[in-house]
Amino acid sequence: MCGIVGAVAERPVNRILIEGLKRLEYRGYDSAGVALSEAGTLNTVKAVGKVANLEAAVAESGVSGHTGIAHTRWATHGGVTEVNAHPHISNNEIALVHNGIIENHESLRAVLKDDGYTFLSDTDTEVMVHLIHQLRQQHNSLLDSVKAAVKQLEGAYGTVVFDKANDNEIIVARSGSPLVIGLGLGENFIASDQLALLAVTRNFIFLEEGDVARITRDTVEIYDINGEPVEREVVESNISQDVSGKGEYRHYMLKEIYEQPMAVRNTLEGRLDGDRVSVDAFGDQANQIFKDVKHVQIIACGTSYHSGMVARYWLEQYAGVSCNVEIASEFRYRESFVHENSLLVTISQSGETADTLAALRLAKEQGYMASMTICNVPGSSLVRESDLAFMTKAGAEIGVASTKAFTTQLVGLLMLTASIAQEKGRDQSVIVNAIKTLPNKLEESLNMAEGIEALAEEFADKHHSLFLGRGSQYPIAMEGALKLKEISYIHAEAYAAGELKHGPLALIDADMPIIVVAPNNELLEKLKSNVEEVRARGGIIYVFADKDSNFASDDTMRVMNVNHVEDIIAPVVYTIPLQLLSYYVAVIKGTDVDQPRNLAKSVTVE
Ligand code: HGA
């Protein structure tokens, strides 16, 4: 979500800040702003819309500075306006950017107003900057003022502050929203994600919960949650810097759809040994944990939740362990039952998803035998805070609608299923042998693009749609529906096909396309009956079916053939045509495919 970049340097930092924001823009893009300090002058430039608008505004203003902070916003409190864009300023002295939500902003605002502070914005964030300004009058340093201020804050923040009177330092604080310090030579940086800083450094310090730090050009001082000085490890990043190019593709999403065979190959590389999984891919203790595990509790949000739902079918059928899957924002606010020898598995592309992280922290107090994450970002909070981690190797995913992160999560979950089966002495070779065919099978399914592009024309004027699947394809139908609504803004619902007659059949008419995911498995005949129920009521059906499933196109049915795949990997393969369908419908409708309205990547707020 909101992107933060800050720098304290000898050279002007304008370019570094703007370039950093561009790399984070996919995380929040309703407005952006920068505050720069030079020779005791504080300048702020803000713009509604994309970072390009801010870039133009900064160029036009001619402002520059050797210390600065910048932000792309995904609004939580207050509309999308220039005034509400960050940085927020107090008394033309202190500038601040913030990622998160201050839950007690109303009471703080009331007190600060009584004390004479004037609020310009509707944001929760503005209370922070005035509070720090007020405390600055009572403390010797900005560092101490920030330390005192955070004690009064409830909610979540990653925040960066500087005072124009002493602009050789920036103060940062983290609680609930990630921040990473980038170390340069005679210059230092801060960002909400290392991606923002890859052009200027490879050396990072990931701040931990409750940390406050003072950063100057040459020094970094970190204080832990108790205010005690601490040393944090410096990590050298090997993430590729090249995340910005779309190459020959019109959109990041299309590029990322086509990268899936390679992303799956990379995720598998070095992790299979004959027809066995190298359990080390999950971490040191994995063997013993997988031997002992009796139950798996999966926690995730959005697309990652759908991958967890697929895994439930796999784990119960092939590994013989029971499995529950729950949305993180539900799990974290209820009292749940912890089964004996239960492994907690979180799934998140970014590893910073606020609800999932909070659920992990809660679960760690509840007696799970171990925690594990399936994640795409090394060094992220979920990876650092879990006992085991399986890193997907999807590479940076820039399109807000997740594609390659999802399919590589499924690969991680297949590997988990095979690993647990293996450690329990079950036959895992059927899974491993099917996994090995996946990259080629995904390539074959990409060949469907042309036909799907033509089919997409029929969806462009539709307002509603229904996705159907059975068994492990039901979550794939849910993921297909999510993709379509995310990027084309067509209302899409998914149902387990057997549920149709319990309600949704009432919706069927010729204006409501029905998309059916139909691999050739033991549920095919049941699914065909459900399709006939729809046809009998005038519905138009679009079937993605195995070549041998014997569906025939006619006036009320369009059949898109998918090459035959082993049933266990069918959910991964059938994901591709649904992604392509959403993509082409969105292109025809002319929506912003990579940055759909109201959404953002890496959901770091509740
Ligand atoms: N609450 C702040 C920051 C929002 C945010 O962190 N989004 O990811 C605001 O609304 O400006």
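Glycine residues also receive a Cβ, built from the backbone N, Cα and C atoms like all the rest.
Predicted automatically and left uncurated, TrEMBL annotations should be read as such.
Here is what TrEMBL says about this protein:
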type     : residues : note
ACT_SITE : C2       : active site, nucleophile
ACT_SITE : K601     : active site, for Fru-6P isomerization activity
DOMAIN   : 2-218    : domain 'Glutamine amidotransferase type-2'
DOMAIN   : 286-426  : domain 'SIS'
DOMAIN   : 455-596  : domain 'SIS'
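Within 10 Å of the C-beta atom of K601 (active site, for Fru-6P isomerization activity) sit 26 other C-beta atoms, taking all shown protein chains into account. The average pLDDT for the domain 'SIS' (455-596) in the predicted structure is 93.
Each residue contributes its Cα atom, and for K601 (active site, for Fru-6P isomerization activity) and the residue listed as 'active site, nucleophile' those atoms are 9 Å apart.
Within 10 Å of the C-beta of C2 (active site, nucleophile) we count 28 further C-beta atoms, all protein chains included.
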